């Protein structure tokens, strides 16, 4: 999903010095004293986490219950949620400690690794810039934007079937790149879509409810339900769940835009409220959809809706529009992360313009190649989640360890806990990676 930090910048809501509360004189510096006067409350922040999390990943959830069984699937979803959101609490606490150390009000996720390692003991302090660049490359080449293109194309294909037109998904993606390139070439055109950002996210949430209702209406009476499934698919399922619930790059920007940032990570704070709500919604959505279609459930639950049906037509139409807008907003976020550093290094204005357009084309081209090369929603979401295990889950306890080693008072419990998290992530990453490579080979064999 588009991250909140860049969306606020596009909407003109970036935190400014005059908007922030000033900490009382003589008091020890505390980043939490610098909340936004017109920022989010607890419930507002929780709502924004939820809306940024809703994306194409939810459409895959019923299929995961088919692969591992609904009992295993629901248990895994709950465990993955606990594991992931625990890491988000580590992220919030780590950013707070680093802000206190550096005497700054806030640090973005993209800068967190560099600032942490710069203040870590030797030799870790030599790798700050390198890790920051690797993280930037990860956000540029992440496969998650391709999922929006795939869902868009499959919905358009369904719309075409309503009129008895036989359109190929690859051809739809290729044709769709024309308006995508036109919109993404110019920032002014992208700004036209900004007001629709919240609408499309809200719409995705509402459509999940409508979609579940349709699944109940058009359920398969003879659906075969499995309590337990293939445990060999657990690593891939974990990666898919992580991709479905991931919101790492949005947590800190939303916290920084709160009136009282300390209520983001508190026991009854915005993060826990949103985590509970998302786990309930995703669990109910996956269970109901799977019970309706059983082992006939598709990797994209939208494809289980009947063809030549007006209600299905409307759902696919609205999803196609939502995915198109969300893709362009996601592209804008990625470009805004990449371009400033590149722009500073280019002196010639003519070359700067060519480089900017080349970068825009290149980022779209990469998303296109992934969507065309791996036209399988389950596989591309799993690949994206597998890579995210490293850069958006395991990296966080690793950064906290870097600051722990800097401190004279080292907490053995914290060190052991973070090392266990990193080891678990490494095992899941390699097991899921092996399975993904096998699936890609199978796709082309």
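Just so you know, glycine gets a Cβ as well, placed from its N, Cα and C.
Note that the structure is predicted; figures quoted are calculated from it, not measured.
Taken from TrEMBL, the feature domain 'Amino acid transporter transmembrane' applies to 42-433.
The transmembrane segment annotation in TrEMBL covers 40-61 (among others).
Note on the transmembrane segment (67-85): residues 61, 225-231, 233-234, 236-238, 241-242, 245-246, 271-272, 275, 278-279, 282-283, 286-287, 290-291, 393, 421, 424 of its chain, located 6 or more positions outside it, place their CB under 8 angstroms from a CB of the stretch. Marked as transmembrane segment by TrEMBL: 67-85 (among others).
Summarising the annotation, TrEMBL assigns transmembrane segment to 134-153 (among others).
Outside the transmembrane segment (165-186), and at least 6 residues removed from its termini, the chain residues within Cβ reach (under 8 Å) are 149-150, 152-154, 156-157, 193, 324, 327-328, 331-332, 335, 357, 360-361, 363-364, 368, 371-372, 375. Annotation source TrEMBL lists transmembrane segment at 165-186 (among others).
Annotation comment: TrEMBL describes 198-219 (among others) as transmembrane segment. Proximity of distant same-chain residues to the transmembrane segment (198-219), defined by a Cβ-Cβ separation under 8 Å and at least 6 residues beyond the stretch ends, is recorded for 1, 50-52, 54-55, 58, 281, 284-285, 288-289, 291-293, 301-302, 304-306, 309, 311-312, 315, 318-319, 321-322, 325-326, 329.
Taken from TrEMBL, the feature transmembrane segment covers 270-293 (among others).
Sequence annotations record features per position, and here TrEMBL assigns transmembrane segment to 313-339 (among others).
Tertiary neighbourhood of the transmembrane segment (377-403): same-chain residues 56-57, 59-60, 63, 83-84, 87-88, 90-91, 93-94, 97-98, 101, 112-113, 116-117, 119-121, 124, 135, 138, 142-144, 146-147, 150-151, 154, 236, 238-244, 246, 248-249, 299-300, 370-371, 414-415, 417-419, 421-422, 425-426, 428-429, 432-433, 435-436, 439-440, 443, selected by CB-CB distance under 8 Å and a gap of 6+ residues from either end. TrEMBL lists 377-403 (among others) with the feature transmembrane segment.
According to TrEMBL, the feature transmembrane segment maps to 415-434 (among others). For the transmembrane segment (415-434), the list of distant contacts is 83, 87, 90, 235-236, 238-239, 382, 385-386, 389-390, 393-394, 397-398, 400-401, 404: same-chain residues at least six beyond its ends, Cβ to Cβ under 8 Å.
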